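Participant: Annotations for this protein, taken from TrEMBL, read as follows:
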- Lys40: active site (ACT_SITE)
- Asp165: active site (ACT_SITE)
- 95-172: domain 'GHMP kinase N-terminal' (DOMAIN)
- 228-297: domain 'GHMP kinase C-terminal' (DOMAIN)
Amino acid sequence: MTAVGRGSSSAPNPAFDPYRAAAQPAAPQGNFMLITAPAKINLYLGVHEGTDDGGYHRVDTVMTTLDISDTIAIAPSDRLMVKTVPEADFPQESNTAYKAAVAMGEAFGREPNFAILIDKHIPVRAGLGGPSTDAAATIMGICRYWGVDPRDERIDAVARSIGADVPFFLYGPPAHLDGRGDSMRELFRPLTGTPVALVKPMTGGVSTVEAYRRFDESPIKAQPLEPMLEAMRSHDEQVIFDCVSNNLAPVARALCPEIGEIVDWMREQPDVRAVDVCGSGATVFAVCATQMAADKIGIAAMKEHGWWAQAARMEKSGPIIAVG
Ligand SMILES: C[C@@](CO)(OP(=O)(O)O)[C@H](O)COP(=O)(O)OP(=O)(O)OC[C@H]1O[C@@H](n2ccc(N)nc2=O)[C@H](O)[C@@H]1O
Ligand SMILES: Nc1ncnc2c1ncn2[C@@H]1O[C@H](COP(=O)(O)OP(=O)(O)O)[C@@H](O)[C@H]1O
């Protein structure tokens, strides 16, 4: 294996600060906070061969958030506890929200005594970033409770200690990240409102760890990144959607052949501008010309194939905090 670096330093670029969702450091006056934690899709994912000392691959990715989300209620408590609805089949200590709270406690020398309830809407092992967005939302909520400025460079370090995708969710607008996919490089004008159809097998999914392991067995070269970055900078939608690509997609298809069936079916649907696998899968997204087209694809996927499906839109936001 070739050793690769971790990417850029953890210091946030001040140019990104206006986008931080929890930028007001004041503690909330109410009893709890409700935080909207959006899903993501990768408009571009280029995984490079070789891993670093931690077993991570160097990746370039362009991600955007969607308007489907988990909801996180967080309130001070006598101890740290995390519950999900529906109930998780793994211990709370394995939940990324729990890990994020513990990491915040360690970084700021405080007891992270919060009760955290996660209403899960984002499917798991789906490549939609559910565990990562929950962690980012938890970090932002605790920042607000403790009066920590989310621009504090320790916040980025906490985020990437939980998972490669977590730093992205601290921001929200479409972004290019490199390193492990955890180093923010550039933010772009949002594609807010662009319709997307999401379809995945009703059961099962693809584990991110397994996808990267399979990638190492037969690596595939990434598509060129620069045309996508240029298109994002000039906000040329047609070119952006022509540049959609993901070199983990063949691995996802190999691990779960139903993904291949879904991709092929989505490509045949009318008014579709781009189709690809979300990250490591198992969800497939289609960028659609109209919301009606996305709705129709969702309904047909469910009715004709029994797949899980949802119509969504691209969003411009990271976690959104409301005080209750
Ligand atoms: C593939 C992507 C695309 O956005 O996400 P998903 O589509 O699964 O959500 C990401 O690279 C996933 O990010 P994330 O889900 O945060 O990964 P982590 O929890 O940090 O890592 C899980 C495991 O994936 C592998 N991993 C992850 C990221 C990376 N750059 N190289 C890797 O090799 C490592 O084996 C690591 O132990
Ligand atoms: N907050 C969370 N929400 C969902 N799953 C979580 C959470 N925290 C930890 N997990 C674990 O993460 C696993 C999914 O990880 P991963 O394959 O990376 O998902 P995805 O591709 O959906 O981002 C779940 O099976 C579960 O064990």
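Just so you know, glycine gets a Cβ as well, placed from its N, Cα and C.
Predicted, not measured: the structure shown is a model, and the values here were computed from it.
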Participant: Which residues of the same chain, at least 6 positions away in sequence, have a Cβ lying under 8 Å from the Cβ of Lys40 (active site)?
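Facilitator: Within the chain, Lys40 (active site) has Cβ neighbours under 8 Å at Met63, Thr64, Thr65, Leu66, Leu128, Gly129, Ser132, Thr133, Asp165, Phe168, Phe169, Cys278, Gly279.
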Participant: Give me the DSSP three-state residue breakdown of the domain 'GHMP kinase C-terminal' (228-297), ordered helix, strand, coil.
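Facilitator: With helix first, then strand, then coil, the domain 'GHMP kinase C-terminal' (228-297) has 38 helix, 13 strand, 19 coil.
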Participant: Where does the mean pLDDT land for the domain 'GHMP kinase N-terminal' (95-172)?
Facilitator: 96
Participant: Please report the number of other Cβ atoms within 10 Å of the Cβ of Asp165 (active site).
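Facilitator: For Asp165 (active site), the count of other Cβ atoms within 10 Å is 28.
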Participant: Helix, strand or coil by DSSP: which one applies to Lys40 (active site)?
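Facilitator: Reduced to three states, the DSSP call for Lys40 (active site) is strand.
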